[in-house]
Amino acid sequence: MFVIENNDPNLDRQEQAMRLLWEYIKGHKGYYVVSFLSILIAEVITVQSPNVIGRFTDLLQAGKLNFGVVERYSLLLVLIAIGYTVFYGIGQFRTGMMGRQLEYLFRRHLFLHWETLSTTYFNKRSIGDLLNHAMNDVQAVRQAISQGLNQLSNAIFLLCSALFMMFHTVTFRLTLVSILPILFVPLFVVWFGPRVRTASRRAQESLSSMTDLSEESFSAIRLIKATANEGVAVHRFQERVDTVLSQQLRMARQTATFQSLIPLMGSISFVIALAYGGYLTVTHQILLGSFVAFTLYLALVINPLQQIGNVINSFQRASASLLRLNVLLGERSEIVDQSTLAEPTSIQGDIDVRLSVFQYPDSDTPVLKEIAFSVKRGETLGIVGQTGSGKSTLVNLLPRIYDPPPATVFIDGHDVRNMGLADLRNAISYVPQDGFLFSTSIGQNIGFSKGDATLDEIERAAQLASIYNEILEFSKGFDTVIGERGVALSGGQKQRTAIARAFLKDAPILILDDCLSAVDMNTEKRIISSLNEVRENRTTIIIAHRLSAVRHADLIIVLDDGVMVESGTHDELMELGGIYARMYALQQHDSEVTAN
Ligand SMILES: Nc1ncnc2c1ncn2[C@@H]1O[C@H](COP(=O)(O)OP(=O)(O)OP(=O)(O)O)[C@@H](O)[C@H]1O
């Protein structure tokens, strides 16, 4: 298959899409030659028919027609039609096929590219806009490169062949005078081209915004319904659709004016041909057959002129889309492998954090301050603190979802910034707060973290995450397909499926980011005891609001507004009598009240 990788850092970043397109065309020269040749042959064949009809007219005028002649000329026209169909069909199929391949290539390339970008990038970009690039922009390029090129070559060959035949069959003067209006066409192209391109870019941008809102509205459909806010959602959607419509109408106006001017020039040519050609025929300066053939040729010329208008529009739209794709493919992740990486060794899981301050790339406010702790392989770290105190931010620094400042976060003594991203992330099993599930079977959801996992391994992970029995209760067991984002599962079941996925990965570092919040106390206990079972070889980090989840940790740190205010074991922190002890007392009281 055609795989062009997109990882040459020396390439001009703004030219990625152009380069991709060019490489594809270069790699498929043979296909294009076959396609152009087929179309050329088809056009050379088809321009014979006016000539045949012209000669037929001359025979008719001279009273030399008989059945034999009629039969011969009919057969000739049939052969011309068959020849044209076969060769034009081959050309069409070839260019159509190449267009589809190019579409595939662009979409694959875009997806690979998105996979390399950091979370910060996706925080800033809307899903709808990205989808619009993958669908509409790629489609616009495909149309230009298959249909567009096809029509262009068809039109040029037909135009050249028809003009050649016109000069060949009638007087030079008649042909020249008749095609004069056509010479205005390039002027229209220069005038309308940039306008169509701008209109197309705006239309694509408004489409992106509409796709974006649709995506968001579908994701929030439960919230919208539960709060009876359908009216608000419909109104917001209506506004975006109105913008799309007005932008598209603007583009349609530009396109229609441009496209109708071209046949207008063709029609003026026709009028001149009839008047001047008629005069030449009546004064016997040319034969009637030549005049008939000439008018048929002129009709043949108008069609490609119209096509050229379409093609130029299609190229203008594609060039606007290519520009958008160039910008997208030129984006680079700010989190990349350093040029000098630490030797890849098998990661043990000793973690050391010496962080004086961390702030998000696009913010001026520090989120984490004065954090220092160490955990050894096999130990468990608990992180607690009020909501928004920086717990998730802290654990996100380990797999470099966000880059920590240099020399602040170490694994096995190596600064994580100097570790290979793939090695680092392979050594970490992370259950994020939302524990995302794919719309596929439960078994595949658990197996996602380990491509070659056996059913036994998946079942074992499900047992450790205390979800095994519930999965078996579904009629299709592990093959049960869950709705988009796991709608058919309860909150606790979703969390445990995500935990099972992390257990399966069997990485030296396991991070559970507040993913026990939706399970009851007994299930939490069972999962914690599973953790004890498997934690010998791994370092476990548990973020929790319910302190029972971290009570048995070897080290608990307490964050308050991004600052590590307390640290120690459960007993030490209770003895300290600070924030942790107060939280614990409060939760104990709450659970006693609930029990009573
Ligand atoms: N991508 C981001 N860019 C800028 N600020 C962010 C980003 N993500 C989180 N923050 C801010 O960082 C702070 C800490 O957020 P974080 O999610 O780490 O807290 P948390 O303790 O995990 O909260 P919770 O218990 O509610 O999950 C918050 O003030 C939040 O607004």
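Backbone N, Cα and C atoms are what each Cβ position is placed from, and that goes for glycine too.
Marked as transmembrane segment by TrEMBL: 31-53 (among others).
Per TrEMBL, domain 'ABC transmembrane type-1' is recorded for 33-317.
TrEMBL lists 73-91 (among others) with the feature transmembrane segment. For the transmembrane segment (73-91), same-chain residues at least 6 beyond its ends with a Cβ under 8 Å from one of its own Cβ atoms are 34-36, 38-39, 41-42, 45-46, 48-49, 52-53, 55-56, 150, 153-154.
TrEMBL lists 152-170 (among others) with the feature transmembrane segment.
Positions annotated as transmembrane segment by TrEMBL: 176-193 (among others).
Annotation comment: TrEMBL describes 260-280 (among others) as transmembrane segment.
For the transmembrane segment (286-305), same-chain residues at least 6 beyond its ends with a Cβ under 8 Å from one of its own Cβ atoms are 46-47, 49-51, 53-59, 61, 154-156, 158-159, 162-163, 165-166, 169-171, 174-175, 178-179, 182, 185, 262-263, 265-267, 269-270, 273-274, 277-278, 280. Residues annotated as transmembrane segment in TrEMBL: 286-305 (among others).
Annotation source TrEMBL lists domain 'ABC transporter' at 353-586.
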For the transmembrane segment (152-170), which stretch among 31-53, 176-193, 260-280 has the most Cβ pairs under 8 A?
31-53
Within the same chain, where does the transmembrane segment (176-193) have neighbours whose Cβ lies under 8 angstroms from its own Cβ atoms, ignoring anything closer than 6 residues to its ends? I mean 6 or more beyond.
163, 166, 254, 257-258, 261-262, 265-266, 268-270, 272-273, 276-277, 294, 298, 301, 305, 308, 312, 316
Below 8 angstroms Cβ to Cβ, which residues of this chain, lying six or more residues outside the transmembrane segment (31-53), approach it?
25, 73, 76-77, 80, 83-84, 86-88, 90-91, 94-95, 97-98, 149-150, 153-154, 157-158, 161-162, 164-165, 169, 292-294, 296-297, 300
